[in-house]
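Over in Swiss-Prot, the protein carries these features:
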| type | residues | note |
| --- | --- | --- |
| ACT_SITE | 135 | active site |
| BINDING | 92, 134, 138 | Fe cation binding site |
């Protein structure tokens with residue numbers, strides 16, 4: 001079944017993703033699908049849990065264009081060594097149309113691996129640093145509007161309620177599975193790629 005972008009308040013968006021311990025052809029294919037979706041919807045980054053995969057992987061390209069810049073696929077990312085502060089507008093493909101001003105470190109170090117197992121250890125600044133922090137937040141179950149403060153959140157509350165109503169409607173009609181089924185699906189993905197057991201939700 002092809003991957004698709006899930007929308008708030010789907011529970012996988014709040015799930016803390018586990019590190020990947022296995023890379024196979026299917027995982028590489030899913031990374032390609034994630035890049036396709038990111039470019040299709042004019043994004044600059046997409047985390048695995050945004051396509052209902054509870055694994056620590058994200059894709060990114062700060063240009064948002066397939067034929068420009070570099071397409072990144074990062075496994076098991078970690079960020080540290082934050083420096084400086086910068087505030088800028090962010091949006092999210094899982095809450096399309098919503099934006100907020102988010103304060104983040106201006107410079108961070110990214111560590112992780114690519115699909116070939118090569119280690120990544122790179123200091124990033126500016127927009128790419130912001131993109132990476134946004135995606136790693138996703139993998140930790142954090143969305144950008146969790147970081148915008150009470151005043152900014154008040155501006156979005158009505159729109160977030162609309163997303164909740166739409167989600168509940170789709171779950172009611174069966175186009176989105178119930179919570180128990182979604183938890184089981186996450187556990188199966190974790191067992192396949194993170195060494196988790198199918199008893200974990």
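Backbone N, Cα and C atoms are what each Cβ position is placed from, and that goes for glycine too.
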Cβ neighbours within the same chain of residue 92 (Fe cation binding site) - under 8 Å, at least six residues apart: 98, 134, 143, 144
Cβ-centroid neighbours of Fe cation site 92, 134, 138, 8 Å, sequence order: 45, 47, 50, 90, 93, 94, 135, 137, 143, 144
Residues near residue 138 (Fe cation binding site) in space but at least six apart in sequence (CB under 8 A): 13, 47, 49, 50, 58
CB contacts for residue 134 (Fe cation binding site) [other CB atoms within 10 A, all chains]: 23
Number of other Cβ atoms within 10 Å of the Cβ of the residue listed as 'active site' across all protein chains: 24
Local backbone state of residue 92 (Fe cation binding site), from DSSP in three classes: coil
